[in-house]
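Taken from Swiss-Prot, the feature ATP binding site covers Gly15, Pro16, Thr17, Ala18, Ser19, Gly20, Lys21, Thr22, and the record attributes it to sequence analysis. Taken from Swiss-Prot, the feature substrate binding site covers Thr17, Ala18, Ser19, Gly20, Lys21, Thr22, and the record attributes it to sequence analysis. If you look up Swiss-Prot, you'll see 40-43 marked as region 'Interaction with substrate tRNA', on the strength of sequence analysis. The site 'Interaction with substrate tRNA' annotation in Swiss-Prot covers Thr106, Arg128.
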Amino acid sequence: MVDGEDKIKLIIIVGPTASGKTELAVRLAERFDGEIVNADSMQVYRGMDIGTAKPSPQLRQRVPHHLVDIVTPDVNFSAADFRREAAAAIDDIHSRGKSVFVVGGTGLYIRALLQGLVDSPSGDESIRRELVELAQTVGNEELLRRLALVDPETAERLHPNDRLRIIRALEVYRQTGRPISTFRSEHGFADTYYDCLKIGLRVERQELYRRVESRVEVMIEQGLIAEVEGLLRAGYTPDLKSMRSIGYKEICAYLAGECTLDEAVQLIKRDTRHYAKRQMTWFNKDFEINWVEYPESFATICNHVIEFFA
């Protein structure tokens, strides 16, 4: 067991593509003497810069970024690989007395880091809302006492102030009739070594889609076609997992004469919009995320971080 006071504190910044995560992370890391751990499944690949919207060299000079450019495009980098590499990077950053910011839109990677790789029961919003109201009425101590009656193992690990996890444990029991500790023991999950503040960037849908379309056009202007041509010349074939990602597969099709450039660009825009929608569906299921508007709420976000570190 790791006591709450001994856990490494992580600031986790999530949101859909083109929502401004990287810029926010850099500003916060500069403000709070931190370093960034990338949680984007495509930015790990060397030579795939434009199509992955990788942080610019200028941003990476301002703040150290980890798990960027760590493997070649022919490596099948997995969530398990990410979990291992991210944990090592977090330990390194923490050991040097720096704040840790985990930033990205790959929800599976973030879940792998925090919870392991086996699904726990999905959340039930109505049960969660009822338990939140109960906590406000009876208080955390009583809520923890009630958890101890049905799941003493989990209750023993939790502090009364850890309201979110108490509610989550009660929610799982109400849903399944089983203590959450039985899911943990079945899958061999260890107690997480992290204490997390999750910040999500919310962007109005039409504005997000406008940003997506603008970003795709900028990628073409910056040389996405030449980037893909270079990857193909280097021997990275279109059937690789990395080359089948959004932006690369469409340009590969264009270069193979399977569609026009305009058709490829329209497909990239469409597929990126769909991806952003899937990202929001994923993150909306996480009740621990504090959703904010950015950049309007930067001061509010800073206050959240200050309170978290206090």
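Numbering starts at 1 and runs along the chain as displayed.
Placement of Cβ uses the backbone N, Cα and C atoms for every residue, glycine included.
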Next on the checklist: Quick check on the recorded positions: of Lys21, Arg128, whose CB has the lowest count of neighbouring CB atoms inside 10 Å?
Outcome noted: Arg128
Checklist entry - In Å, rounded, how far does the Cα of Gly20 (ATP binding site) sit from the Cα of Thr106 (site 'Interaction with substrate tRNA')? => result 15
Checklist entry - Using Cα-Cα distances with a 10 Å cut-off, which of the recorded positions Gly15, Pro16, Ser19, Lys21, Thr22, Arg128 are near Thr106 (site 'Interaction with substrate tRNA')? => result Gly15, Pro16
Checklist outcome for this item: Rounded Cα distance in angstrom between Ser19 (ATP binding site) and Arg128 (site 'Interaction with substrate tRNA') is 27
Item to check | Secondary structure tally of the region 'Interaction with substrate tRNA' (40-43) (DSSP, helix then strand then coil) | outcome: 0 helix, 0 strand, 4 coil
Checklist entry - Whose Cβ lies within 8 Å of the mean position of the Cβ atoms of Thr17, Ala18, Ser19, Gly20, Lys21, Thr22, the substrate site, other than those residues? => result Gly15, Pro16, Glu23, Ala53, Gly105, Leu201, Arg211
Checklist entry - When you measure from the Cβ of Ser19 (ATP binding site), how many other Cβ atoms are you left with inside 10 Å? => result 24
Item to check | Within the predicted model, mean pLDDT of the region 'Interaction with substrate tRNA' (40-43) | outcome: 97
Item to check | Assigned element (helix, strand, coil) containing Arg128 (site 'Interaction with substrate tRNA'), judged by DSSP | outcome: helix
Next on the checklist: Taking 8 Å from the centroid of the Cβ atoms of Gly15, Pro16, Thr17, Ala18, Ser19, Gly20, Lys21, Thr22 as the cut-off, which other residues in that chain fall inside it around the ATP site?
Outcome noted: Gly105, Leu201, Val203
Next on the checklist: So if I draw a 10 Å sphere around the Cβ of Gly15 (ATP binding site), how many other Cβ atoms end up inside it?
Outcome noted: 26
Next on the checklist: To see if you understand the setup: which same-chain residues, six or more apart in sequence, place their Cβ under 8 Å from that of Pro16 (ATP binding site)?
Outcome noted: Gly105, Leu201, Val203, Leu208, Tyr275, Ala276, Lys277, Gln279, Met280, Phe283
Checklist outcome for this item: Here the Cα-Cα span from Thr22 (ATP binding site) to Arg128 (site 'Interaction with substrate tRNA'), rounded to a whole number of angstrom, reaches 31
